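Just below is one structure, and these are the notes that go with it.
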Amino acid sequence: MRMRGEIAYVKEKEEEEEEEQERNEEENKMLAAVQRKYTSVVGGRFPPSPMKVVVVGYALTSKKTKSFLQPKLEGLARHKGILFVAIDQSRPLSDQGPFDVVLHKLSGKEWRCVIEDYRQTHPEVTVLDPPHAIQQVHNRQSMLQDVTDLNLSDTYGKVGVPKQLVFEKDPSSIPDAVNQAGLRLPIVAKPLVAKSHELSLAYDEYSLQKLEPPLVLQEFINHGGVLFKVYIVGEAIKVVRRFSLPDVNNCDLSKNAGVYRFPRVSCAAASADEADLDPCVAELPPRPLLERLARELRRRLGLRLFNLDIIREHGTRDRYYVIDINYFPGYGKMPEYEHIFTDFLLSLVQRE
């Protein structure tokens, strides 16, 4: 005899199985369309397919796959004729596909060689993005160089980078190096290789010796405790506010000493978009300024998937600093990312 709870459980299980079967059938239809698209017939022609299917091969870490390939994105992609296919890293990449787009974010010299070779032998495939371009923003010594060279200044504001110093030597000599470079306290210290989002804030010269090179030492700029994450997907731009480190005044410097470590400052839980902020702090950077900055950096960096962490110097209206650049950031935290990303993928194929 079944109890009511058991009956409800069985019905729920049956409904889940039906939904799973529907998803599988839909995916099989997509796969069949892909096969029709790439199966040649006599004369070298391709049979007509009911829809243009865009096949996106992806090579991502399991963590990135989970955060990026969310059900809502995959569902919208299927509706628009986009099929995400996992790349098998144990097999030669050229034996897989065929792909219209390859999306990747894996580390290691071996993978860089694989993807670079694939780019050379499959010029018809859009690879997002070139390995050598990604490497540039993985190193904080070269990450902001293009912003420095750009020296962007127009009627909407000026964009630069904080005064910084790369340090790879004995930490006991950091205080002297900081003084010679003219950096003011407090100092933000970040790992030289941008695999970690951890940063430290050093309030006094003595504490600088406790840091562990290789590092980028960056002059801290008061910015009202808010930073702007500027997500770039091709030509699309989306800006969100995130809480950041609070401002530091002379009183703080006199009272505090030591190194304070922050594992991750601008996380999803620190969204400031709905917070009651001072309008001078909350005001987003001017759209024309961001569009010009994004356009110039896309060209200089050779990247189409990245974000910028930007701050506005507190007390100013038009003085901005880029403090970090991240390749293929956490787009799952970006509002409306499903529509923006799928439109971008379709635009890549339509241009061909």
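Cβ coordinates come from backbone N, Cα and C, glycine included.
Here TrEMBL flags K64, K105, H197, K229, N326, G330 as 1D-myo-inositol 1,3,4-trisphosphate binding site. Feature annotation from TrEMBL assigns ATP binding site to R140, K190, 218-229, S244. Among the features that TrEMBL reports, Mg(2+) 1 binding site is placed at D309, D324. The feature Mg(2+) 2 binding site is assigned by TrEMBL to D324, N326. The compositional bias 'Acidic residues' feature in TrEMBL is assigned to 14-25. TrEMBL lists 55-134 with the feature domain 'Inositol-tetrakisphosphate 1-kinase N-terminal'. The domain 'Inositol 1,3,4-trisphosphate 5/6-kinase ATP-grasp' annotation in TrEMBL covers 155-346. Taken from TrEMBL, the feature region 'Disordered' covers 1-28.
Positions of TrEMBL features highlighted on the structure.
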{"residue": "K64", "record": "1D-myo-inositol 1,3,4-trisphosphate binding site", "CB count, 10 Å": "19"}
{"residue": "K105", "record": "1D-myo-inositol 1,3,4-trisphosphate binding site", "CB count, 10 Å": "19"}
{"residue": "R140", "record": "ATP binding site", "CB count, 10 Å": "20"}
{"residue": "H197", "record": "1D-myo-inositol 1,3,4-trisphosphate binding site", "CB count, 10 Å": "15"}
{"residue": "N222", "record": "ATP binding site", "CB count, 10 Å": "15"}
{"residue": "V226", "record": "ATP binding site", "CB count, 10 Å": "22"}
{"residue": "F228", "record": "ATP binding site", "CB count, 10 Å": "24"}
{"residue": "K229", "record": "1D-myo-inositol 1,3,4-trisphosphate binding site", "CB count, 10 Å": "21"}
{"residue": "S244", "record": "ATP binding site", "CB count, 10 Å": "20"}
{"residue": "D324", "record": "Mg(2+) 1 binding site", "CB count, 10 Å": "25"}
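When the binding-site residues K64, K229, S244, G330 are ranked by how far their Cα is from the Cα of D324 (Mg(2+) 1 binding site), K229 comes first. Of K105, H197, K229, D309, all annotated as binding-site residues, the residue with the shortest Cα distance to N222 (ATP binding site) is D309. K229 (1D-myo-inositol 1,3,4-trisphosphate binding site) sits 11 Å from S244 (ATP binding site), taking the C-alpha atoms as the reference points. Between the listed binding-site residues, namely Q218, N326, the fewest other CB atoms within 10 angstroms of a CB are found at N326. The distance from the Cα of K64 (1D-myo-inositol 1,3,4-trisphosphate binding site) to the Cα of V226 (ATP binding site) comes to 26 Å. S244 (ATP binding site) sits 13 Å from H197 (1D-myo-inositol 1,3,4-trisphosphate binding site), taking the C-alpha atoms as the reference points. Binding-site extent for 1D-myo-inositol 1,3,4-trisphosphate: residues K64, K105, H197, K229, N326, G330, maximum pairwise Cα distance 20 Å (rounded to the nearest whole number). Considering only the binding-site residues K105, H197, D309, N326, G330, F228 (ATP binding site) has D309 as its nearest partner by CA-CA distance. Considering only the binding-site residues K105, H197, D309, N326, G330, the residue whose Cα is spatially closest to the Cα of G224 (ATP binding site) is D309.
Annotated pair F220 (ATP binding site) and D309 (Mg(2+) 1 binding site), C-alpha to C-alpha distance, rounded: 14 Å. For the domain 'Inositol-tetrakisphosphate 1-kinase N-terminal' (55-134), the DSSP-based tally of helix, strand and coil residues reads 36 helix, 19 strand, 25 coil.
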